[in-house]
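A.B. asks: Here it is, the structure in full.
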């Protein structure tokens with residue numbers, strides 16, 4: 001039994017780096033909200049400013065899910081949703097507080113922050129669908145492929161997750177505000193940009209995954225995991241294990 005799988009920690013095991021990755025995830029997620037109304041034009045590519053940093057959130061979820069298991073990015077996603085809602089409500093409320101006569105930038109603050117609640121509302125649906133599609137497929141394919149081909153699994157799961165997210169978020173955010181032609185073009189350009197970023201980031205992500213597995217001494221397989229997105233703890237998921245014989249452990 002010990003030859004087939006070496007169980008190295010309990011569900012309560014504390015790791016060194018998940019909180020660091022959570023901080024990065026929230027930073028890029030909230031920056032995306034702030035920049036959503038900043039429409040950019042680079043060549044013929046018409047895109048909201050947030051798109052230049054948002055792909056990093058998918059990469060972070062892939063890294064964390066591959067190393068620590070599905071439960072961690074699932075928690076990241078829900079914390080991110082809550083952080084977006086709190087952030088949006090706070091900045092809108094503060095931007096509408098009374099200001100002295102010499103302060104001439106009230107309208108500028110309101111122009112930037114007032115739309116954030118709409119973007120968060122639209123992003124809530126897209127983020128939940130897109131991110132969960134991504135981490136679910138990554139975890140399932142890890143079992144099917146016995147932990148191999150992270151680069152392939154990450155790119156394919158990201159491609160499907162980003163497609164869902166792009167269609168949902170862009171439609172809810174911009175339908176009726178810009179022409180259908182520009183909306184369609186924005187979706188295509190945005191999706192291609194996100195996948196271009198994913199291709200660039202996937203090799204460094206693979207190296208980081210290998211490094212984290214070694215220093216944290218963990219390689220999580222979600223064999224008996226409950227993939228219900230509305231579960232927020234780790235204790236009911238499958239045991240975390242570093243396998244010495246993958247074929248035997250995955251039978």
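Numbers here mean position along the shown chain, with the first residue as 1.
Cβ coordinates come from backbone N, Cα and C, glycine included.
Pulled these from TrEMBL:
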TRANSMEM  20-43  transmembrane segment
TRANSMEM  49-68  transmembrane segment
TRANSMEM  75-97  transmembrane segment
TRANSMEM  117-138  transmembrane segment
TRANSMEM  150-176  transmembrane segment
TRANSMEM  182-209  transmembrane segment
A.B. asks: Do the transmembrane segment (75-97) and the transmembrane segment (150-176) share at least 3 Cβ pairs closer than 8 Å, excluding pairs fewer than 6 residues apart in sequence?
C.D. replies: no
A.B. asks: What stretch in 117-138, 150-176, 182-209 has the biggest tally of Cβ pairs under 8 Å against the transmembrane segment (20-43)?
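C.D. replies: Looking only at 117-138, 150-176, 182-209, the most contacts with the transmembrane segment (20-43) come from 117-138.
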